[in-house]
């Protein structure tokens with residue numbers, strides 16, 4: 001227990017002495033330490049920290065699990081009161097001992113009243129875990145390497161102890177013009193530097209804080225430094241320029257912070273950092289903060305830090321995302337991404353802020369331009385001037401537009417409150433980038449949503465991302481048109497509620513005339529127009545995502561004969577009911593629910609409308625679906641997951657892993673890479689034929705045939721597929737007699753449409 005917090009000035013082995021030090025005559029910093037010690041000891045419960053990985057010198061690691069161990073229930077606290085009565089008295093001397101949360105309230109930690117007041121005005125009343133972990137070691141002057149999840153309050157973790165010490169140094173002293181900085185904060189991007197400056201200014205308005213970065217006037221920054229400054233925040237390039245120009249002197253820096261340290265010390269930044277470190281006094285306190293901390297960063301960090309204490313609230317656990325972020329993944333084709341994007345934003349952002357991340361500047365511009373037709377959006381990337389960058393970020397923060405399309409320049413350090421949705425338009429290059437992108441939402445304990453777009457060829461990468469980050473995606477389909485319409489209407493209604501009453505008065509006469517003329521349709525027309533749907537929306541396939549197609553579901557009551565066990569039986573049924581539907585049918589997939597013997601398939605919108613109006617043989621039902629049911633190839637495979645597990649739903653001259661459309665679940669055989677197993681049937685990659693027990697007498701077909709979709713699956717319109725215009729199965733060929741069985745009565749020799757018993 002003596003090494004629990006590694007504080008040489010007060011020993012935990014004598015809690016009574018620590019409590020006594022918290023009396024009225026103790027200094028604020030001493031009272032803070034005493035309160036924290038007594039709280040930690042009492043909550044430890046007689047050595048219970050050992051299992052959680054207590055801090056040990058010299059390079060200690062404090063795990064997040066240790067902090068979770070501190071959060072005991074009220075019942076446990078009451079049980080421990082008798083054993084730790086003297087410690088309880090010490091806490092009361094600090095502030096009454098009204099509970100653990102109160103003991104770690106900002107107001108009860110001995111911080112300067114001015115700092116407490118400004119933090120409370122910002123709604124900050126208690127410490128977050130990273131702030132808790134850093135506070136005491138930082139006040140003791142320890143060098144630190146701190147790691148925590150994105151969006152958990154790292155800026156104030158180093159800001160609070162530094163501000164406290166600067167305020168205490170300045171107490172009773174006059175402000176000296178031309179003073180040189182005592183704090184230097186290095187940040188990898190202009191956006192992060194400005195965020196840090198904003199946090200410090202809002203928390204300590206009486207301290208002079210200057211932010212320096214490239215892309216803006218050099219003279220303005222020179223003048224600000226010449227007037228005297230306490231804290232300098234900036235990017236390495238501009239800081240070096242100011243040092244070389246004689247405008248920035250670092251001889252009195254007592255505190256150095258490297259924020260997003262893994263980027264600061266990456267290739268290309270290390271030399272800049274070393275150049276700056278050469279200008280700093282040897283006697284200083286250095287702290288590195290980052291959401292990710294690879295081993296090689298720690299190695300480099302130890303060159304610049306003195307016996308650093310490592311505070312790691314992530315540890316070796318895979319999950320690095322903040323809790324509260326709901327993750328979705330959606331498989332799409334490259335051509336359907338932009339069409340689906342606006343619908344995803346409409347349904348999942350619900351009128352809130354969205355950041356869409358792209359890989360290239362060109363994509364950012366093009367996606368933003370495409371979205372502008374339906375949703376207000378702007379692009380942010382490296383080619384945009386600093387002035388325009390700031391206008392864009394301010395407009396996004398203020399809600400002047402709701403969608404920001406950005407390259408990864410905005411992923412690190414960009415602090416925009418209340419971002420509801422993150423969309424990865426392209427897969428990130430690495431897990432760390434995914435974590436930082438997604439971390440723009442769900443910040444400070446709030447809920448958020450992140451959606452990953454990927455193509456069929458990227459499934460293995462998505463699986464690797466799940467494994468590396470330790471997360472799980474919910475796989476979704478594009479929103480149905482009905483969902484888009486509903487979300488659009490809700491957003492418009494919320495917007496209408498915000499219209500000023502004085503503005504409404506000007507439009508009442510016109511509204512009354514329109515109401516008399518159109519009745520309820522007047523308001524409905526206004527909602528449709530404001531939602532962007534002045535014209536009827538075009539349907540979109542839930543399978544291929546193509547506009548103008550409708551996905552239908554066919555089911556059969558088990559009491560009415562054999563069910564649909566293959567796409568062939570579906571095309572056969574359609575040919576009996578509607579020759580147009582049989583000719584134009586798109587991809588066909590069987591549903592996974594064995595109790596409901598059915599299938600889903602695509603049809604052009606007009607043909608689907610006609611089919612839905614037709615009378616069907618008894619026991620059969622065709623309905624339009626707004627969400628795909630579970631399909632027979634939804635099961636996991638080696639490198640595929642979600643409901644779209646085949647690259648093209650077919651076998652066009654390549655191996656296709658995952659379950660297929662032939663009526664049975666399958667996967668790779670455990671005894672070899674080259675054998676693919678499907679519900680008892682096998683497909684060998686070294687053989688150009690495949691066994692097909694379900695398609696009538698062991699018919700053999702070359703692998704290059706296509707089954708099931710427009711170009712690559714059963715029910716295709718190509719000449720080599722079931723149910724197509726030139727197909728030998730399921731089409732109405734007047735030159736051949738019908739040899740199958742009627743789907744109505746079960747007798748052979750005639751179709752259901754010609755059945756005498758219907």
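Yeah, the Cβs are placed from backbone N, Cα and C, and that goes for glycine too.
These features come from Swiss-Prot:
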type     : residues : note
COMPBIAS : 73-91    : compositional bias 'Acidic residues'
COMPBIAS : 658-669  : compositional bias 'Gly residues'
COMPBIAS : 673-687  : compositional bias 'Basic and acidic residues'
DOMAIN   : 340-485  : domain 'Helicase C-terminal'
REGION   : 71-97    : region 'Disordered'
REGION   : 625-737  : region 'Disordered'
MOTIF    : 104-132  : motif 'Q motif'
MOTIF    : 259-262  : motif 'DEAD box'
TRANSIT  : 1-62     : transit peptide
ZN_FING  : 740-757  : zinc finger
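Summed and averaged per residue, pLDDT over the motif 'DEAD box' (259-262) gives 80. Under DSSP, the residues of the motif 'DEAD box' (259-262) split into helix, strand and coil as follows: 2 helix, 1 strand, 1 coil. The residues of the motif 'Q motif' (104-132), classed with DSSP into helix (H, G, I), strand (E, B) and coil, number 16 helix, 2 strand, 11 coil. Across the domain 'Helicase C-terminal' (340-485), DSSP helix (H, G, I), strand (E, B) and coil residues number 67 helix, 28 strand, 51 coil.
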